[in-house]
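Inspection log for the structure reproduced underneath, given as structure tokens.
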Amino acid sequence: MEQNKIPQATAKRLPLYYRFINNLNQQGKKRVSSKELSEAVKVDSATIRRDFSYFGALGKKGYGYNVEYLLGFFKSTLDQHEITEVALIGVGNLGTAFLHYNFMKNNNIRITIAFDADENKVGTDIGGVPVYHIDELGERLKNTEVAILTIPADEADAIANQLVEHGVSGILNFTPARITVPSHIRVHHIDLAIELQSLVYFLKHYSLN
């Protein structure tokens, strides 16, 4: 099965598998079973075996999976050898936290440029990332395919349009707005308020006892 035909649910779990396998490799572990994987990443073992089956024979029955082989496979599949440069739009509290964190555990992802409208932030360097004025977006945004939005909701659509116009094809949207973009642009929405409300609702109405 071609990689672009892999179910999206499977594709979303691949970074989770990679992180755990990478940790095992750093610990010097040579092999791992689907049961061990299941307990660590909180995905049932049948789902893990099905996910892995899309890529052919990654393990052997009765032996499990070779950690070094799996690590090499996931590095290649997730393009860990290629650096993806990311732009951050909005250097407020959340944006600043992203700049300081800057995906240190992800070898292939780096925020390399940030934009904001606040003159007090423009021209500064936060976490090693230069901050430019939002009006410079078109001039400064070169060869960047991914952007993170941490701006007020009422600005999200206009900024998203500018990002698309200047070549961005993937947006991680932390604003409450559901931005409108062309069909060939991929947007992942993360609304922390909704996630928290959902958690509280499930705690009240779906007991795990």
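Glycine too: its Cβ is placed from the backbone N, Cα and C atoms.
Through the fold, the DNA-binding region (16-55) approaches residues 1, 6-7, 10, 63-68, 70-71, 73-75, 77-78, 80, 105 of its own chain, all at least 6 residues removed from its boundaries and within a Cβ separation under 8 Å. Marked as DNA-binding region by Swiss-Prot: 16-55.
Marked as NAD(+) binding site by Swiss-Prot: GLY90, VAL91, GLY92, ASN93, LEU94, GLY95. According to DSSP, GLY92 (NAD(+) binding site) is assigned to coil rather than to any helix or strand.
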| remark: Taking DSSP H, G, I as helix and E, B as strand, the DNA-binding region (16-55) contains 28 helix, 2 strand, 10 coil
